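A.B. asks: Before we start, here is the structure in question, set down as structure tokens.
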Amino acid sequence: MLCDKCKERPATVHYTQIINGVKTEMNLCEQCAAEEGLINNETFASVANFTPFSVQNLLAGLMNFLPEVGNTFVGQQLKCDNCGLTYDMFRQTGRLGCSHCYDALQDELNPLMRRIHGSIEHRGKIPRKTGGIIRARREIDELKEKLEKAVKEEAYEEAAVLRDKIRELEKEFGK
Amino acid sequence: MFEHDNDVVLSSRVRLARNIKDIPFPSIMKDSDAENVIDIVKKAVYSNEILSAQFIEYDMKNINPIERQSLVERHLISPDLAQNTKNGYALIKKDNTVSILINEEDHLRIQTIMKGLNIKEAWNVADKIDDLLEENINYAYNEKIGYLTSCPTNVGTGIRASVMVHLPALSITGQIGNILNSVVKIGIAVRGMYGEGTQSLGDIYQLSNQVTLGQREIEIIENLEGVVKQIINNERKARNDLFTIRRVQMEDRVGRAYGLISNARVLSTQEYMKLMSDVRLGAVLKIIDIDIKEIDELTTNIQPGNLQKILGKQIDPYERDIKRAEYVVQKIKG
Ligand SMILES: [Zn+2]
Ligand SMILES: [Zn+2]
């Protein structure tokens with residue numbers, strides 16, 4: 001196969017890019033690939049022989065493994081009303097279209113996420129602005145745990161401080 | 001003896017994936033959305049006193065291929081962002097420790113990078129920048145599953161912490177396969193130096209967390225750090241064994257690599273990486289007297305994009321190999 005760009009040298013670098021949902025496959029020679037600044041041709045030259053594991057492989061593997069719920073019920077395939085993405089489109093690209101996709105496709109995404117992460121319950125960071133109440137609720141829970149510990153250790157001064165903080169937060173966010 | 005375990009660990013990185021509420025994800029968004037994202041992120045950065053003075057802007061469509069490649073080689077942007085010459089954009093902190101990547105797979109990714117084993121510090125900095133940006137950006141967030149990302153493999157915390165390690169002794173003693181396979185089984189992904197799908201060059205591997213949902217950020221960080229510390233111990237033990245049991249062979253191996261690298265007239269990146277691995281090991285074992293920080297800097301500088309940037313012009317691969325050899329010889333011999 002000859003290089004798509006110069007059509008002179010043999011194409012040794014093959015890549016796929018998806019921009020705005022349009023998939024383009026390119027086959028370039030090393031020199032043209034380097035000129036395009038696409039990849040570092042010397043570093044990437046003999047790629048294939050090392051990939052013990054990668055996120056994309058995992059995702060592709062899992063998606064093939066999971067039953068195709070959407071295709072079983074022809075005409076009822078899950079689709080995001082907000083952006084129009086269907087589960088089939090997601091299967092092809094591994095990318096979701098918008099934040100509503102998580103709700104619209106949840107019947108198919110949840111099992112997938114559970115397999116990838118072992119859980120579908122976020123326990124990490126909560127944004128300050130959007131997550132005011134959730135944040136406060138979690139903070140109260142954490143303070144209560146600390147309070148319990150302080151009481152057990154008979155650290156009463158610390159316990160009193162913690163108790164006041166909990167009261168303050170509960171008053172502010174109405175429990 | 002070594003700063004932040006830099007005899008084994010080259011660098012630590014933390015990346016947070018974030019998207020803006022009510023704008024379609026990059027995979028389907030229009031150019032006008034992409035421009036909007038750039039505006040929103042820039043506004044958030046510049047309206048913040050702490051952030052505004054620190055960043056330099058890189059518009060992928062306005063910078064040349066060599067510069068883009070150089071940014072990738074220095075791990076300041078991702079290969080994916082470099083490819084998006086339509087609306088890819090980056091804000092990079094002047095000291096090169098923080099990058100905000102715009103319109104990559106997600107609307108924005110906050111990346112912090114530090115030398116040696118420093119994952120916690122990298123997380124603390126990324127966390128703070130995230131908080132500052134959040135004052136002016138409404139993130140796509142869901143109470144149940146956390147930060148919403150374009151790919152479900154990143155959802156939840158959106159965090160990807162990674163550590164680049166140099167494991168020559170585990171490779172020489174043949175233990176590397178077993179170790180990497182067992183690491184993969186406990187949820188750590190292993191890749192080559194430039195991320196997904198890249199081969200390992202110079203016995204350098206990138207280890208990162210696989211799970212992003214269901215665990216707290218600090219648990220994810222501590223889990224990775226724990227695994228890396230065990231690998232450091234294994235590598236150090238293997239180095240020590242080699243040096244005590246196979247001393248002559250090691251001195252021979254290092255000496256040959258040093259001889260080649262300091263006298264070469266033509267040097268490809270691959271050959272450099274292979275020789276560098278032995279030279280770096282020799283430096284750590286004090287078989288040769290070179291500062292490993294200088295070797296690591298050299299390893300970054302001889303990559304094709306960086307080399308062309310240093311030379312100030314575009315040159316074809318073969319001539320590059322000659323220039324690379326000149327550069328390496330000059331640096332190594334001082
Ligand atoms: Zn070509
Ligand atoms: Zn959608």
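In case you wondered, yes, glycine gets a Cβ from its N, Cα and C as well.
In case it's useful when we look at the structure, here is the feature table from TrEMBL:
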| type | residues | note |
| --- | --- | --- |
| BINDING | B:Ser11, B:Ser12, B:Arg13, B:Val14, B:Arg15, B:His75, B:Arg109, B:Arg160, B:Ala161, B:Ser162, B:Val163, B:Met164 | ATP binding site |
| DOMAIN | B:37-238 | domain 'Phosphagen kinase C-terminal' |
A.B. asks: Of the residues named as ATP binders, B:Ser11, B:Ser12, B:Arg13, B:Val14, B:Arg15, B:His75, B:Arg109, B:Arg160, B:Ala161, B:Ser162, B:Val163, B:Met164, how far apart in Å are the Cα atoms of the most distant pair?
C.D. replies: 19
A.B. asks: Below 8 Å Cβ to Cβ and six or more residues apart, same chain only. Which residues does that give for B:Arg15 (ATP binding site)?
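C.D. replies: In sequence order, the residues whose Cβ lies under 8 Å from that of B:Arg15 (ATP binding site) (at least 6 apart) are B:Arg109, B:Ile110, B:Gln111, B:Thr112, B:Ala126, B:Ile159, B:Arg160, B:Ala161, B:Ser162.
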A.B. asks: Suppose we draw a 10 Å sphere around the Cβ of B:Ser11 (ATP binding site). How many other Cβ atoms does it contain, all chains included?
C.D. replies: 20
A.B. asks: List the same-chain residues at least 6 positions away in sequence whose Cβ sits under 8 Å from the Cβ of B:Arg13 (ATP binding site), in sequence order, or say none.
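C.D. replies: Sequence-distant Cβ neighbours: B:His75, B:Gln111, B:Thr112, B:Ile113, B:Met114, B:Ala122, B:Ala161, B:Ser162, B:Val163, B:Met164.
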A.B. asks: Around B:Val163 (ATP binding site), how many other CB atoms lie within 10 A of its CB?
C.D. replies: 29
A.B. asks: Taking the Cβ of B:Arg109 (ATP binding site) as the centre, count every other Cβ atom within 10 Å, in any protein chain shown.
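C.D. replies: For B:Arg109 (ATP binding site), the 10 Å Cβ neighbour count is 27.
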